[in-house]
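Just below is one structure, and these are the notes that go with it.
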Amino acid sequence: MSEPDAAVGPARRGPRIDDGAGRIGRAGVRGGSGSSRRAGADGGSGPAGRAGAGSGSESAGRADGGDVFAALANPTRRELLRLLLDQGEQPVQRLADHFDMRRPSLSEHLRVLKDAGLVVEQPAGRQRLYSLRPEPLRDVADWLGPYERFWRGRLTALRDVLDELPDE
């Protein structure tokens, strides 16, 4: 390494830090040290990608609903919720039949949904059955309500303007 690179290298990586979520990484380096980066299935950081997510008091979801929104941000997890809504309680293998991914990856998606409080896992013999828990979705609907009313009002106003235009 040339002398200018040597001066930039360590300074760019920064000191080792504990991010408070049980991961140790390097400040200033995206993704930390690499070995401690356990990204969520969607590749992002945050609740879905945090190592140790679901431990302690955060397992039921954050008070601001962030875990629920993070869980819903992924299309695979939304599809899992749709399957559980349409077909009811399912073992992981039956859910896996709908996806082109390995079971460990699907299990990670289910863990994120469980940590957000969106699904419940029940042991049944050698299997684990998953079912939808709709209460957090009601909270999401309640949060979205004002935005829905806003856009309905805007569309109604647009319709009124269009109705007043002369026909050609």
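Cβ atoms here come from the backbone N, Cα and C positions, even for glycine.
Annotated features, as they stand in TrEMBL:
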- 1-65: region 'Disordered' (REGION)
- 22-34: compositional bias 'Gly residues' (COMPBIAS)
- 41-55: compositional bias 'Gly residues' (COMPBIAS)
- 57-152: domain 'HTH arsR-type' (DOMAIN)
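Model confidence over the domain 'HTH arsR-type' (57-152) is summarised by a mean pLDDT of 88. Look at the domain 'HTH arsR-type' (57-152): DSSP puts its residues at 60 helix, 14 strand, 22 coil.
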